[in-house]
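Inspection log for the structure reproduced underneath, given as structure tokens.
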Amino acid sequence: MPGKLRVHELAKQLGITSKELLATLKDKGEFVKTASSTIEPPVVKRMQEHYGSSGSDKSDTAAKPAAAKPAAPKPAASAAPKPGAPAKPAAPAAKPAPAAPSAASAAKPGAAPKPGVQAKPAAAAKPGAPAKPAAPAAPSAAKSGSAPKPAAAAKPAFSGPTPGDAAKKAEPAAKPGAEAPRPGGMPRPMGKPAPKPGARAPRVANNPFSTGGGERPAPRPGGGPRPGGGPRPGGGPRPQGQGRPGGQRDGQRDGQRDGQGNRGGQRQGAGAGGPRPQGGPRPQGGSRPQGGSAQGAQGAPSQERQGGGRRPSPAMMPPTPGQMPAKAPGKGGRGGQAGGGAGGGFNRGGGTGGGAGRGGRRGGTAGAFGRPGGAPRRGRKSKRQKRNEYESMQAPNVIGGVRLPDGKGATIRLARGASLADFADKIGADAAALVQALFNLGEMVTATASVSDETLQLLGEEMNYKVQVVSPEDEDRELLESFDLQFGEDEGGEADLAKRPPVVTVMGHVDHGKTRLLDTIRKANVGSDEAGGITQGIGAYQVKVNVEDTERTITFLDTPGHEAFTAMRARGAKSTDIAVLVVAADDGVMPQTVEAINHAKAADVPIVVAVNKIDKPEASPEKIRGQLTEYGLIPEEYGGDTIFVDISAKQGLNIDELLASVCLTADAELDLVANPEMDAQGVAIEAHLDRGRGPVATVIVQRGTLRVGDSIVAGDTYGRVRRMVDEYGRDVEEAGPSRPVQVQGLNGVPGAGDNLLVVEDDRIARQIANQRNARKRNALAARSRKRVSLEDLDSVLKEHSTLNLILKGDNAGSVEALEEALLKIEMDDEVQLNIIDRGVGAVTQTNVTLAAASDAVIIAFNVRAEGKATEEANAEGVDVRYYTIIYRAIEEVEAALKGMLKPIYEERVIGHAEIRAIFKASSVGLIAGCMVEDGKVRRNATVRIIRDGNVIAENAKIVSLRREKDDATEVSAGYECGMVLSYPDISVDDKIEVYEMVEVPREA
């Protein structure tokens, strides 16, 4: 079978444009998308008929007959071809003789014979013609469109001649394609020629595999034998849509269904219908077997075909309107007692006489192209159709012309710094629609940019969604759960748990003696090494002390007391078991003391108060107890539960008593146990970049045992433990619970306070670190992004004074503390502080290059520039500031910000004068003769002219000033002068107020 034609190919054959052909197809009910779409052969044939194409064009889509091998004889029921399917012709057979024409062939086109009436042949029937019925009747032609009268079906006398007889009596037929001679010498009817087949009703579907192309052949009226008509116009094959040839299958099925005798009727004779394709002698010289009656169909098999091949399908034959039953107007459905007139829709159905006619049925593939045929009926709607109709009934959620989905109160969980693309994936919407909707709400963002939490929640409320931004803790927990990891829980049962030393954090105000206390306990001197005598980092030590003749191990954390190290104190409180609050007896409760109390209470950590410096004469321990009572720390001697110990760190007084109190609190209030056999988990309390060792993290192991060679992940850094050292610089191979160690081997400097976790291999550690890093960047981008509305766009584009800084420090905690302290500086909106980069380690050339490009200042805290960074900074003019004490860096940055502020000016009145007379001069105009009443009048000063208490001129200038005939710079009170003003509209008795704008220094 040749390939299917496309729309543009058929249009080229027909000599029209593709657009015209598409329009015609649409009018005919064939819905084809584009000019490149393929068309089924029946539709091609219809279009060719519609546009009057030549026969050569039609031959492209017709099924070509091909020779087939002779098949074994089969029963007639199985030999009948399927309706609508092209049948291959048999091998060359005997040319059939034409059958005798009946009266029906001479009837008008569209006329249908009455049921039960068989036309009498004009001459003796040739072999192969249909047999004469038992009760012949005169032919009567019905008008086109009239319904035939019901009558009982007449049974034929016999089924027809045998194939052998038909072969003997057959006459030579004309060549294929030529017109066959009319039997009996009957002349051709002289009526009007058969009309050319025109356009038919739209097909049900463009499907070549449907039964009969979506149509059902009409039954023959009366069930009698088919009239032996002459050759059809053009001598073509059987027209499409004619009655099904009789046979066992048709007779049996239709006879049983309708209760009629011979629904299928006799099969057309061998000679009827013109010559066979590739006309040759039929094998064994037989004609086609005739269709039997209902009894024969049900009781005995029909005669077998001897030809072995199938005849052409009705779907392959052109229509013959002259022999087609007329269509009755009206709707389809089952016919009545009147023989079931022609069916509606696309079928030409009709029942047999005396029975209920079968109406038109739907096409084989209903709904493929256009509405199905037959009578319209209400079917069940699909779920999708119902859902679409329901959603269309709902009020659309439209924001600024953009249709968005309605959340109906659903909850959406998004990570920090999520983008609109992430939001769109969650709700199944288009990211571009969300961008446009947010633009209409006054926010300008892209689909992939990180969006702040407030913006996500605002957009969610507009779409009726509840947006929950996942907290950092939940986000990290979900990340670890995706790798089947957990942090913060001991593995195993209680039998696997063992006691661990307490972790004690020393907290308090600056210069109250925290580091001196630890020095006394460790019998070392650490405070002398600190810059400025203050602690600027967390120190972790593990010492062994004798408490009540028992050696106990205690881990101490020394936190800074300066106000800039709030985050460090909070981190120390979270990593500890017991907090020792150091308060100087001669100083009292200070702001950082109160802050330390709040941190300890927030972490639910028991507090032991150490009242220090009791050796000083002005010390008042009782005063300290009274002050701390206001903050909920009630001494035991006052009936409370807080232990107070009076000590002197400098002289070493009562240190043992303090350690005993710490151990007593740990034993009484805390159950300090951990599993030492599990994979290690801990916290990085400090981290820095060492010149020779690389990134170094100070870690406290909270549970498990950390060993050299373990794969670890700390925050957004990962690596393998290459070396561990204790607080004395000695190498250790493993570290158990509550043990502080310095870990080397990470790929970067972790953040202070990041959790440390041992994982199975480096691959998992790298994946966790990379995902944490990506989330951290998104959150930072969302937080640092400024919300710019359309109304504020003009003001944002104006130039602002911005101080760009690059922070470098010796460890992560110092950089964090410095950044937080700088961001807390309160300044006006006209000056902004922007920290563009931060890092741990020396100042590098990369930092200098970035500073030069962004006009930034580098703040180096406890680090210096390395290599050629200093030379490059001098060449580029980059300002690098070095500091060793954090509060000095804060003070200088604050002063620099204040210096960038625009000056504040204040108006100051310097004198008043009154116009007494006005003179005119051609060269200068009006001259005001004035008397200075108070103050001074200066040349080029700014004046305000007042008339009758109303200001008539503002910001006028004294252009010229004279005293007598001499020019004067200023004139004092009590003197007359003449002046020329820049404002010409002056009059006598006007008051002149002279003032100047003076810069006022800003308050510190």
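Glycine is treated like the rest: Cβ placed from N, Cα and C.
The region 'Disordered' annotation in Swiss-Prot covers 36-393.
Marked as compositional bias 'Low complexity' by Swiss-Prot: 62-157 (among others).
Annotation comment: Swiss-Prot describes 173-183 (among others) as compositional bias 'Low complexity'.
Residues or ranges marked as compositional bias 'Pro residues' in Swiss-Prot: 184-196 (among others).
The compositional bias 'Pro residues' annotation in Swiss-Prot covers 219-236 (among others).
Taken from Swiss-Prot, the feature compositional bias 'Gly residues' covers 237-249 (among others).
Residues annotated as compositional bias 'Gly residues' in Swiss-Prot: 261-277 (among others).
Marked as compositional bias 'Low complexity' by Swiss-Prot: 279-303 (among others).
Here Swiss-Prot flags 330-373 (among others) as compositional bias 'Gly residues'.
What Swiss-Prot records for 377-386 is compositional bias 'Basic residues'.
For the domain 'tr-type G' (499-671), the model's pLDDT averages out at 80. The domain 'tr-type G' annotation in Swiss-Prot covers 499-671.
Among the features that Swiss-Prot reports, region 'G1' is placed at 508-515, with the record citing similarity to another entry.
Residues or ranges marked as GTP binding site by Swiss-Prot on the basis of sequence analysis: 508-515, 558-562, 612-615.
Annotation source Swiss-Prot lists region 'G2' at 533-537, citing similarity to another entry.
Per Swiss-Prot, region 'G3' is recorded for 558-561.
Nonlocal intrachain contacts for the region 'G4' (612-615), taken as residues 6+ away from its ends with a CB within less than 8 angstroms of a stretch CB, comprise 512-513, 517, 582-587, 621, 646-651, 653. Marked as region 'G4' by Swiss-Prot on the basis of similarity to another entry: 612-615.
Ranking the binding-site residues Asp511, Ile614 by the number of CB atoms within 10 A of their own CB puts Ile614 at the top. With helix defined as DSSP H, G or I and strand as E or B, the region 'G4' (612-615) counts 0 helix, 1 strand, 3 coil.
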